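Here is the structure we will look at.
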Amino acid sequence: MYPAHLLVLLAVCVSLLGASAIPPLPLNLVQFTYLIQCANKGSRPSYHYADYGCYCGAGGSGTPVDELDRCCKVHDDCYGEAEKMGCYPKLTMYNYYCGTEGPYCNTKTDCQRYVCACDLQAAKCFARSPYNNKNYNIDTSKRCK
């Protein structure tokens, strides 16, 4: 084997080892975004829910600041239950439809059904809960104890 080929092979192996340490992106986040948009037709963009209160977005702690934030806590808890069932809610892809009455799930496996139900429940909760701009991008270290 030529030294240049060996170097290329070594570089590929090292890069693959490094890539294995990178956590996968949550694949169903796009689906959840579409469910939110379907349930909240003509409402605010779904990214407004990504950094709201103590529970909307990554992580969560303390007492939810309002009804909308409680929706996110319930969603987090629902994902926790899915994990206890052996599901991977952030990676589970499912089938859903956006009908005239709003979104609904149409999936085959137990994990798909459960995760879709979690997302659907949250999207509908977002639709009926008031959005308070004061709770967007809050200082969670002070308000989420």
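Keep in mind that glycine also has a Cβ here, set from the backbone N, Cα and C atoms.
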Among D66, D76, which residue does Swiss-Prot annotate as binding Ca(2+) at the site that also has Y55, G57, G59? D76
Disulfide-wise, see what Swiss-Prot says C116 is paired with, picking from C98, C105, C111, C125. C105
Of the listed cysteines C38, C111, C118, which one does Swiss-Prot record as disulfide-linked to C78? C118
Per Swiss-Prot, the disulfide partner of C111, chosen from C72, C87, C144: C87
Which candidate, C54, C71, C72, does Swiss-Prot give as the disulfide partner of C56? C72
If you consult Swiss-Prot, the disulfide counterpart of C98 among C13, C38 turns out to be C38
Spatial neighbours of C105 (disulfide bond) among the recorded positions H75, C98, C111, defined as Cα within 10 A: which are they? C98
CA pair C111 (disulfide bond) / G59 (Ca(2+) binding site), Å rounded to integer, equals 22
Those recorded positions from C38, C54, Y55, C56, G59, C87 that fall inside 10 A of H75 (active site) by CA distance are Y55, C56
In whole Å, how far is D76 (Ca(2+) binding site) from C87 (disulfide bond) when you measure between their Cα atoms? 14
Spatially, which candidate from the recorded positions Y55, G57, G59, D119 is nearest to C72 (disulfide bond), comparing Cα atoms? Y55
